[in-house]
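Per Swiss-Prot, these features apply:
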DOMAIN    1-61  domain 'TGS'
REGION    242-533  region 'Catalytic'
BINDING   Cys333, His384, His510  Zn(2+) binding site
Amino acid sequence: MIAITLPDGSRREFPGPVTVAEVAQSIGAGLAKAALAGRIDGQLVDTSFRIEQNVDLAIVTDKDTDGLDVIRHSTAHLLAYAVKELYPEAQVTIGPVIENGFYYDFAYKRPFTPEDLVAIEKRMAELAKKDEKVTREVWSRDDAVKLFEGMGEKYKAEIIASIPEDQEIGLYREGNFVDLCRGPHVPSTGKLKVFKLMKVAGAYWRGDSNNEMLQRIYGTAWAKKEDQEAYLHMLEEAEKRDHRKLGKLLDLFHLQEEAPGMVFWHPKGWQIWQAVEQYMRGRLAGAGYSEVRTPQVMDRGLWERSGHWENYKENMFVTESEKREYAIKPMNCPGHVQIFNHGLRSYRDLPLRLAEFGACHRNEPSGALHGLMRVRGFVQDDAHIFCTEGQIMAEAKDFNDLAFSIYEDFGFENVAVKLALRPDKRAGTDEIWDHAEEGLRTALRACGVEWEELPGEGAFYGPKVEYHIKDAIGRSWQCGTLQLDLVLPERLGAEYVAEDNSRKRPVMLHRAILGSFERFLGILLENHAGALPLWLAPEQVVIMSIADAHAEYAESVAQSLQKQGFRASADLRNEKITYKIREHSLQKVPYLVVVGDKERDGNQVAVRARGNVDLGSMPVSTFVERLQNDFANKS
């Protein structure tokens, strides 16, 4: 007998081997029809998978996150199937699932056009409607290479040839199409009902710019039509909110080819930056951090000792001077350890919290650069906490509380927490990693937050807690991190004198809340569609005179507001007041003030809040109270 334990704890027994699909059928016809895959002892498998021993089994449907991934993965294969049907000379390469969709890379003699995408999508729908069965076959590596070479698929043959000889090769077949894949896939193409091809872009074979340029077709796929429509609506809204467009419209910043991935901040954009930095500086000081500054360029030897040279060199800018090799820092942590090491530290000095608005540079691929969101030169709200093991829990809780409070001030109240675990390429022993990972789990439990675990996503020197904020249109952005590092203090010789006079290694907590300033400002701009709250707005108030006779009064109001700390200016141009209002409204200024005879003679101001909300006339003192209240409430 084979016993199958289901997620609710119930057991079903079968006299012999049974497939996932057969188990689903035994539970109910509805579940059997909805089944897309199975999860056996945590491992995803096809519905055709044959169970030959006692296992824990969950039936995966489109209601599961895994189910959506199976749909998207299968739709990527459907895309390749359709392309091969329409363009037999095209060669297939790879087609993974990505956030909200999938892509597939093709080698073809000419660029795919928008008209081609329409034709391909139509063919995909036809193939899905045929409801062809998707089957898995197991091949030897060499036979699989011969199969794809015989079909003229040199890229696929190259991928398979790089797999160890003793490893079995999984191929999936649907109709006339066969492809290499680990799976799982939907049981038949009829399960794929909601999809759309989005765009085509260039991509190098194996991500290497020395290789051939391929064509990458992006698509999205969903379980329900309404989910796809909501996603497409979100994309339309995101297009309107694109921070690159807002940066140009509002004259905040620009980028240019002479400095790829580096930002030219204009006065108004820099004003936003300074508002954020001053706010963060105050919050950090209040939380017991000391601000420091470390060098931009440091000798290769330090990066070798820290482990960055071995694990991170491909992302570092390297230079040479007087026969010495240097690296421009990609992160601040080794520099902060040098400050910790300068002088003898006692347990009484701990926890020591060192913060730096540190300018870093990383050699990101040019194709990955994207406005403020992905740059080569950036500033982090970086800090490192040196503490004892006994202090980890309290420090993690304090940081968690600080991070949530700061996100709330910036208007982000939906925050998800994730724990990224050890990657394949890492420093330190498994014992150290076990200790570090469990330390963060314990700290998160103490914070009372729920979290999701991400295997393989940690930094090379330690696991990390990630803070993902959700914006106004439902997108998730990873900003803050808390990383527990037992490796770097060891490698760089950090130590303190313990209470018993012995020398001990401190625990090092790497932490950031905003991440990079550039990216966070891009997120802020898109979240607010450029209409930043008063405390962040580069121009908070514009006072507009109706005629020349009101210019002196308008100027005096502006100067009064400036003396009280507000970013105010006077527009005294000889233009129609409606023109001025429209112009400054497009600049998304929070408050527009109009002054004429009535306002001048009564020491009042006529106020319009952003969005053309007429607040009427009021004394200047009343308006100042409103500004102060908005500022205090971060509204």
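Placed from the backbone N, Cα and C atoms, the Cβ positions cover glycine too.
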Counting all other Cβ atoms within 10 Å across every protein chain shown, which of the binding-site residues His384, His510 scores highest?
His384
Specify all same-chain residues, apart from the site residues Cys333, His384, His510, whose Cβ lies within 8 angstroms of the center of the Cβ atoms of the Zn(2+) site, ordered by sequence.
Met331, Asn332, His336, Val337, Asp382, Ala383, Gln483, Asp485, Leu488, Met508, Leu509, Arg511
Take every residue in the domain 'TGS' (1-61), average their pLDDT values, and give the whole-number result.
93
With H, G and I counted as helix, E and B as strand and the rest as coil, say where DSSP puts His510 (Zn(2+) binding site).
strand
